[in-house]
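The 5-phospho-alpha-D-ribose 1-diphosphate binding site annotation in TrEMBL covers 89, 114, 141, 142, 143, 144, 145, 146, 147, 148, 149, 210. Under the heading uracil binding site, TrEMBL lists 204, 209, 210, 211. For 16-218, the entry in TrEMBL reads domain 'Phosphoribosyltransferase'.
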Ligand code: PRP
Ligand code: URA
């Protein structure tokens with residue numbers, strides 16, 4: 001199951017991955033009683049399942065392979081050109097699950113946190129492979145709320161030369177999808193759920209709370 005028709009109409013660059021396993025795990029993730037260990041495992045598993053869908057159109061190379069009987073031509077993902085870029089901290093929870101599918105992907109990092117008063121992102125770290133123009137980037141962050149962090153992360157990647165960028169999150173607010181797709185219409189946004197709205201403090205409703213705090217047991 002993919003994007004519901006009303007969301008697809010409002011947000012052409014949004015893909016909602018509604019696979020039953022993803023929805024099942026997301027429900028447990030949202031539950032306030034879910035503790036850090038299980039929360040971390042679920043973020044990892046959902047990221048892996050979403051990556052399976054979000055990589056469906058990855059470029060392939062031809063590869064000759066010797067079976068026990070003869071040589072044939074096979075395909076292989078141009079995995080070395082794939083780069084995962086978690087937004088610190090919460091995006092880190094999505095990396096290992098995706099690397100299990102694409103072990104040769106490179107991993108960059110973007111350090112951003114959202115100022116509690118202004119809700120605007122504050123930059124503190126940026127490191128991606130130097131040949132950014134030749135790579136396919138997946139920016140990872142469980143939460144797309146106001147969209148400030150995502151817009152800033154994508155802009156930093158573009159300044160570094162990246163041209164092929166996708167954004168993978170678990171829960172998105174309409175406000176964030178609107179802001180990210182207005183600023184970067186070329187970026188496909190994948191989420192497991194398009195939630196209702198943001199509250200006055202910039203939290204997604206119904207959401208799952210503070211993803212970074214729940215992942216790392218801080219608060
Ligand atoms: C959270 C989340 C996103 C950001 C989303 O991070 O992981 O990065 O907020 O909000 P936005 O769309 O309104 O920018 P946070 O700033 O809490 O930092 P953390 O990951 O270090 O907890
Ligand atoms: N960041 C989070 O971790 N959760 C929200 O609901 C919004 C921003």
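Glycine is treated like the rest: Cβ placed from N, Cα and C.
Here the features listed in TrEMBL are painted onto the structure.
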residue: 89; record: 5-phospho-alpha-D-ribose 1-diphosphate binding site; Cβ contacts under 8 Å, 6 or more apart: 212, 215, 216
residue: 141; record: 5-phospho-alpha-D-ribose 1-diphosphate binding site; Cβ contacts under 8 Å, 6 or more apart: 86, 87, 90, 91, 94, 149, 150, 153, 167, 168, 169
residue: 143; record: 5-phospho-alpha-D-ribose 1-diphosphate binding site; Cβ contacts under 8 Å, 6 or more apart: 90, 169, 170, 171, 204, 207, 211
residue: 145; record: 5-phospho-alpha-D-ribose 1-diphosphate binding site; Cβ contacts under 8 Å, 6 or more apart: 114, 119, 173, 175, 176, 198, 202, 203, 204
residue: 147; record: 5-phospho-alpha-D-ribose 1-diphosphate binding site; Cβ contacts under 8 Å, 6 or more apart: 173, 175, 176, 177, 178, 179, 180, 183
residue: 209; record: uracil binding site; Cβ contacts under 8 Å, 6 or more apart: 32, 203
residue: 210; record: uracil binding site; Cβ contacts under 8 Å, 6 or more apart: 203, 219
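Other than 204, 209, 210, 211, the residues of this chain whose Cβ falls within 8 Å of the Cβ centroid of the uracil site are, in sequence order, 142, 143, 171, 203, 207, 208, 212, 213, 214.
Taken residue by residue with DSSP, residue 204 (uracil binding site) is part of a strand. The DSSP secondary structure for residue 143 (5-phospho-alpha-D-ribose 1-diphosphate binding site) is strand. Around the Cβ of residue 149 (5-phospho-alpha-D-ribose 1-diphosphate binding site), the number of neighbouring Cβ atoms within 10 Å comes to 27. Around residue 211 (uracil binding site), a 10 Å sphere centred on its CB holds 25 further CB atoms from the protein chains shown.
Residue 149 (5-phospho-alpha-D-ribose 1-diphosphate binding site) carries a helical DSSP state (H, G or I).
Averaged over the domain 'Phosphoribosyltransferase' (16-218), the predicted model has a pLDDT of 96. Among the binding-site residues 204, 209, 211, the residues whose Cβ sits under 6 Å from any atom of ligand 1 are 211. Ligand 2 lies under 6 Å from the Cβ of none of the binding-site residues 89, 141, 147, 149.
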